[in-house]
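Student: Annotations per TrEMBL:
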BINDING   Asn9, Leu10, Lys11, Ile146, Gly181, Ala202, Ser203  substrate binding site
ACT_SITE  His93  active site, electrophile
ACT_SITE  Glu141  active site, proton acceptor
Amino acid sequence: MAEPLIIVNLKAYAEGMGEGAGIIAAAAEEIGEESGVTIGVAPAYTDLHPIAMHYAVPVYAQHIDGVAPGAYTGHVTAEQVRAAGAFGTLINHSERRLTLAAIEASCAAARKSDLQTVICTNNAATTAAAAALSPDYVAIEPPELIGSGVSVSKADPGIIERSVMAAKNVNPGVRVLTGAGISTGECVRIALELGTDGVLLASGVVKAKDPAAVLRDLVSLI
Ligand SMILES: O=C[C@H](O)COP(=O)(O)O
């Protein structure tokens, strides 16, 4: 198995913007160094550059559009987020769904700009389709559990197992993350035991009183 990866998605949470993004990125850097686990953050576009400049953590965009630089008002290109310091990008997050054609275009654009690609999916079938596009990671997240505080690891381990199998059957080179309701080291341990390579989470860290304490717990059983 590859080194586990934890990505903290700051979404558009007020607690995860500006100073809050810095606090979480600093905690990710500290606990990442302490534990040896890679902990990335996916801040708002407006925080991408400052976070990438000041913290030694992989920084992910939350979305990119699959268009080349040009006349695309309101779009965000792979080149732009790469220039802002992004290491990778989420694609097709449950809160930013795309068509299959747009997922492919975003993935191709990201690859062209040397961005690591994480395609989010909602079940085993879409995981298989995403894996066929050869991203670096697919991230299976049952939408009904996102932000619920109920962990996918405990509430729906079957979807993780089926998705790991679907991804490996289609493309053994693709690594698998899971997310939705993840908030403890036990959730992470179960996810890894079910064959994933890490987790994608948000509210458990972003809305915590002490994000560093949650991150320390998340890596404690790896
Ligand atoms: O990107 C993260 C996922 O949507 C999970 O969110 P959550 O950890 O708040 O459930």
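Heads up, the Cβ atoms here are built off N, Cα and C, so glycines get one too.
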Student: Helix, strand or coil by DSSP: which one applies to His93 (active site, electrophile)?
Tutor: coil
Student: Go through Asn9, Ser203, our binding-site residues, and report the one whose Cβ sees the most other Cβ atoms within 10 Å.
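Tutor: Within the set of binding-site residues, the most crowded position is Asn9.
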Student: For Asn9 (substrate binding site), which of the three DSSP-derived states applies: helix, strand, or coil?
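Tutor: For Asn9 (substrate binding site) - judged by DSSP and reduced to three states - the answer is strand.
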Student: When the number of other CB atoms within 10 A of each residue's CB is tallied over all shown chains, which of the binding-site residues Ile146, Ala202 has the maximum?
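Tutor: Of the binding-site residues Ile146, Ala202, the most buried by Cβ count within 10 Å is Ala202.
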Student: Rounded to the nearest angstrom, how far is the Cα of the residue listed as 'active site, proton acceptor' from the Cα of Asn9 (substrate binding site)?
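Tutor: Between the alpha carbons of Asn9 (substrate binding site) and the residue listed as 'active site, proton acceptor' there are 13 Å.
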Student: Among the binding-site residues Lys11, Gly181, whose Cβ has the fewest other Cβ atoms within 10 Å?
Tutor: Lys11
Student: For the binding-site residues Leu10, Lys11, Ile146, Ala202, which residues place their CB under 6 A from an atom of ligand 1?
Tutor: Ile146, Ala202
Student: Can you give me the same-chain residues 6 or more apart in sequence from the residue listed as 'active site, electrophile' with a CB-CB distance under 8 Å?
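Tutor: The residue listed as 'active site, electrophile' has long-range Cβ partners Asn9, Gln62, His63, Cys120.
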Student: Show which residues of the chain containing Glu141 (active site, proton acceptor), separated from it by at least 6 in sequence, have their CB under 8 Å from its CB.
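Tutor: For Glu141 (active site, proton acceptor), the qualifying residues are Ser94, Cys120, Thr121, Asn122, Val152, Thr178, Gly179, Ala180, Leu200.
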